[in-house]
Amino acid sequence: MSVPSALMKQPPIQSTAGAVPVRNEKGEISMEKVKVKRYVSGKRPDYAPMESSDEEDEEFQFIKKAKEQEAEPEEQEEDSSSDPRLRRLQNRISEDVEERLARHRKIVEPEVVGESDSEVEGDAWRMEREDSSEEEEEEIDDEEIERRRGMMRQRAQERKNEEMEVMEVEDEGRSGEESESESEYEEYTDSEDEMEPRLKPVFIRKKDRVTVQEREAEALKQKELEQEAKRMAEERRKYTLKIVEEETKKELEENKRSLAALDALNTDDENDEEEYEAWKVRELKRIKRDREDREALEKEKAEIERMRNLTEEERRAELRANGKVITNKAVKGKYKFLQKYYHRGAFFMDEDEEVYKRDFSAPTLEDHFNKTILPKVMQVKNFGRSGRTKYTHLVDQDTTSFDSAWGQESAQNTKFFKQKAAGVRDVFERPSAKKRKTT
């Protein structure tokens with residue numbers, strides 16, 4: 001409930017009055033003295049209840065906010081009127097204005113419908129603030145104090161009369177508040193709905209309602225998905241059982257074959273003497289083979305050592321007398337004109353094989369034809385294809401790239417060709433194995 005504007009416009013009470021209006025159990029309001037108690041940190045105030053419900057907590061928070069809203073303007077007003085002389089001047093001016101207005105016209109005081117507990121507590125708080133400024137009011141003369149006390153008593157009486165009227169109004173509306181509090185939320189929503197424009201309700205048949213159709217379609221779709229999931233799970237289960245069954249059959253068949261092989265193995269008629277003689281033969285062959293390999297290795301080492309001890313002339317004579325033996329040496333054939341060459345590779349072979357001694361230079365496929373009778377332009381490899389060659393042979397072609405750095409005529413290139421380049425110097429001596437020092 002808002003505070004009347006007329007009461008807000010009244011000047012603050014600057015006196016040492018220490019009484020506040022208090023309502024008793026019968027609803028009567030009387031003035032009682034206020035006993036200022038010292039604040040103790042962590043101690044519960046006397047006015048605070050021992051236990052409170054959620055509604056009381058909300059009401060306490062609302063009262064606290066109202067106190068803060070009322071305290072802000074009064075703090076500003078008190079700060080602005082900290083000077084006693086300025087305060088007296090303001091009070092005198094306001095009183096003169098009120099008296100002048102009262103002489104000219106009758107002021108109609110607004111009717112107070114009700115006063116909340118926060119307002120009563122706000123008045124008590126203001127009076128406590130006024131008591132705290134008692135030391136500053138010692139400079140005011142006695143006549144001013146008496147006049148202000150009279151005004152305070154008059155205003156307190158008027159406030160008491162107004163509160164009595166408010167109590168009567170509250171008693172009449174108290175019976176209806178209980179029923180209103182139960183349906184507070186519904187009335188609040190109804191009040192919001194009243195602000196919006198109302199539309200005429202139109203009946204829609206159940207089968208035409210979109211929401212029902214969508215819900216039924218969604219339920220049907222969900223049911224189909226569940227059935228599909230069940231079907232897939234059943235198929236996976238059957239497939240797994242089939243795989244397990246096949247694996248089991250394979251294991252059983254393998255076990256049967258193993259048992260049959262063991263049954264077929266009959267060692268009753270074996271002769272231990274024959275087995276022993278066969279083992280002795282195998283061991284003798286192995287010993288002989290190991291001895292031969294060892295003797296061959298020793299002979300090879302002795303031959304290498306002998307060749308190392310020979311002089312250069314003796315080594316050359318030895319190599320001429322005993323040429324190098326090439327294993328699987330093939331016959332070197334003659335290739336035809338533009339015949340394709342197939343490289344057979346080079347691998348180490350310590351044993352002679354007839355298949356490696358064949359003539360691999362024999363022509364195949366298109367190489368059987370005589371390509372010397374073809375025109376000059378067709379005497380290239382892969383003629384008419386993407387992989388054809390540019391020249392028939394490179395013997396009669398100059399492939400020098402004159403755009404490269406080597407083809408440029410410079411002092412550095414000339415010096416290199418004359419001193420170090422091979423095949424371009426006027427030297428016709430046979431090169432020796434050792435590099436000669438050039439000065």
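Including glycine, each Cβ sits where the backbone N, Cα and C put it.
Now, the feature entries from Swiss-Prot:
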- 61-70: compositional bias 'Basic and acidic residues' (COMPBIAS)
- 71-81: compositional bias 'Acidic residues' (COMPBIAS)
- 112-122: compositional bias 'Acidic residues' (COMPBIAS)
- 131-144: compositional bias 'Acidic residues' (COMPBIAS)
- 145-163: compositional bias 'Basic and acidic residues' (COMPBIAS)
- 178-195: compositional bias 'Acidic residues' (COMPBIAS)
- Lys67: SUMO2 cross-link (CROSSLNK)
- Lys249: SUMO2 cross-link (CROSSLNK)
- Lys357: SUMO2 cross-link (CROSSLNK)
- Lys371: SUMO2 cross-link (CROSSLNK)
- Lys381: SUMO2 cross-link (CROSSLNK)
- Lys415: SUMO2 cross-link (CROSSLNK)
- Lys418: SUMO2 cross-link (CROSSLNK)
- Ser2: N-acetylserine (MOD_RES)
- Ser52: phosphoserine (MOD_RES)
- Ser53: phosphoserine (MOD_RES)
- Ser94: phosphoserine (MOD_RES)
- Ser116: phosphoserine (MOD_RES)
- Ser118: phosphoserine (MOD_RES)
- Ser132: phosphoserine (MOD_RES)
- Ser133: phosphoserine (MOD_RES)
- Thr267: phosphothreonine (MOD_RES)
- Ser361: phosphoserine (MOD_RES)
- Ser432: phosphoserine (MOD_RES)
- 1-27: region 'Disordered' (REGION)
- 39-200: region 'Disordered' (REGION)
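The Cα of Lys249 (SUMO2 cross-link) lies closest to that of Lys381, out of the recorded positions Ser94, Lys381, Lys418. Lys371 (SUMO2 cross-link) is 17 Å away from Ser361 (phosphoserine) when you measure Cα to Cα. Taking the Cα atom of each, Lys381 (SUMO2 cross-link) and Lys418 (SUMO2 cross-link) are about 38 angstrom apart. Reduced to three states, the DSSP call for Ser361 (phosphoserine) is coil. Here the C-alpha separation of Lys418 (SUMO2 cross-link) and Lys357 (SUMO2 cross-link) works out to 48 Å. DSSP assigns Lys249 (SUMO2 cross-link) to a helix. A C-beta separation below 8 Å, combined with a sequence spacing of at least six in one chain, links Lys357 (SUMO2 cross-link) to Asn328, Lys329, Ala330, Val331.
Spacing of Lys371 (SUMO2 cross-link) relative to Ser432 (phosphoserine) is 43 Å (Cα to Cα, whole number). With all protein chains in the displayed structure included, the most crowded Cβ environment within 10 Å among the modified residues Ser361, Ser432 is that of Ser361.
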